[in-house]
Amino acid sequence: MSHEQPGREALSRGRRVVVKIGSALLTNDGRGLDDVAIGRWVDQIAALHRRGVEVVLVSSGAVAAGMLRLGWQARPSEVHELQAAAAVGQNGLTQSYELHFARHAILTAQILLTHDDLSNRKRYLNALSALRTLVDMRVVPVVNENDTVVTDEIRFGDNDTLGALVANLLEADALLLLTDQEGLFDADPRHDPSAKLIAEGRADDPRLAAVAGDGGALGRGGMSTKVRAARLAARSGAVTVIASGREPDILTRLMDGETQGTLLRPVQAPLAARKRWLAGQLKVRGTLVLDAGAVKVLRERGSSLLAVGVRRVQGTFRRGDMVACVDEQGALVAKGLANYGADEARRIAGKPSHQIEALLGYVEARSLVHRDNLVVVRAAE
Ligand SMILES: Nc1ncnc2c1ncn2[C@@H]1O[C@H](COP(=O)(O)OP(=O)(O)O)[C@@H](O)[C@H]1O
Ligand SMILES: N[C@@H](CCC(=O)OP(=O)(O)O)C(=O)O
């Protein structure tokens with residue numbers, strides 16, 4: 001497949017970008033919200049806005065800011081305490097952005113999303129139209145996870161992933177991840193002073209995932225979630241840059257095409273919106289173990305998955321749930337929405353489709369997973 005790979009020129013040509021600012025940076029390493037730094041990022045976003053670039057901001061910092069306001073020294077581990085800290089801190093965040101954008105006569109809108117908002121197709125479409133409307137009205141949406149209502153089971157957890165999903169949603173040209181390092185290094189610079197900056201790479205390069213480590217005490221994701229976010233963003237054709245938010249005018253310089261930070265390029269042609277939505281689903285409820293023939297037709301022809309190619313069914317899932325399709329060695333091949341629940345799937349596994357009626361007493365669909373609801377997964381995912 002020939003597909004032009006966007007590079008830094010995608011930034012200077014970019015009309016729509018998602019900017020994500022991480023916790024470590026926003027709170028100046030735990031010293032409360034860094035209002036002066038927030039003012040500088042807002043000034044840059046306002047400059048881009050004046051040039052006609054649409055910017056959506058994904059801002060972390062609610063929990064870290066709340067901790068400081070409540071006088072807590074360490075990030076709590078109890079969910080209800082995290083929720084409380086986020087509720088207190090989110091107010092401070094909103095206030096700070098609102099005041100700084102008001103200096104530029106730009107309106108902001110607070111959007112708090114949960115995993116469910118993007119995994120339920122109807123809510124996903126609602127979120128999309130609300131965000132589009134705001135962007136069209138030249139309002140800058142400020143997005144964060146709705147930490148006060150999420151539990152561990154259903155959280156994005158890190159805002160890198162949320163930023164990538166927002167970039168997918170809006171089909172942004174670029175995802176700019178601002179953090180407290182200059183970019184992705186070939187080893188964690190906190191532990192290895194000789195680590196070198198990686199200027200550029202392919203979003204799906206497994207070597208990058210291998211060098212990306214965990215985050216600091218305040219944030220959650222570290223570099224590994226940033227590399228994963230780049231891979232997610234690449235699905236809609238967005239380039240990702242990981243760069244230092246401490247570098248003066250970093251956003252405007254990046255959007256001028258200046259070489260800063262780490263640029264991660266998409267290599268595949270963008271997936272269609274529905275497939276992207278499918279691919280972005282994080283919660284997998286069960287697993288179908290495929291035989292070699294099924295693996296081959298899924299990979300090479302993008303065919304529907306028939307029950308005859310399924311060796312084993314694992315987990316508990318219902319019709320419409322997301323399942324992982326793995327080969328017999330356990331390697332992920334595809335993800336898709338099951339046409340049958342786990343019990344039915346167990347009964348028809350290994351059987352040709354014409355026997356489904358005799359086995360179950362009814363036919364829900366000929367395939368176990370229809371190709372429209374199936375996304376073949378690349379090696380590193
Ligand atoms: N290979 C790497 N290159 C750069 N930083 C890394 C790497 N591996 C791990 N890190 C760590 O990731 C941290 C940034 O992630 P995180 O603390 O989650 O920040 P943020 O809140 O900005 O998302 C850096 O401070 C750094 O110590
Ligand atoms: N939603 C959380 C952000 C989670 C978080 O810390 O994300 P990240 O900045 O990616 O490490 C908050 O506002 O505190």
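Numbering starts at 1 and runs along the chain as displayed.
Including glycine, each Cβ sits where the backbone N, Cα and C put it.
Caution: TrEMBL annotation is automatic and unverified by curators.
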- request: Going by TrEMBL, Thr179, Asp180 bind ATP; tell me which of Lys20, Lys351 is listed for that site too.
  value: Lys20
Query: Asn159 (substrate binding site) to Asp180 (ATP binding site): how many Å between their Cα atoms?
result: 15
Least Cβ-crowded entry, counting other Cβ within 10 Å, from the binding-site residues listed as Asp147, Asp180: Asp180
Message: For a quick check of understanding: given the listed ATP-binding residues Lys20, Thr179, Asp180, what is the maximum Cα-Cα distance in angstrom, as an integer?
response: 12
Statement: Looking only at the domain 'PUA' (286-369), mean pLDDT returns 94
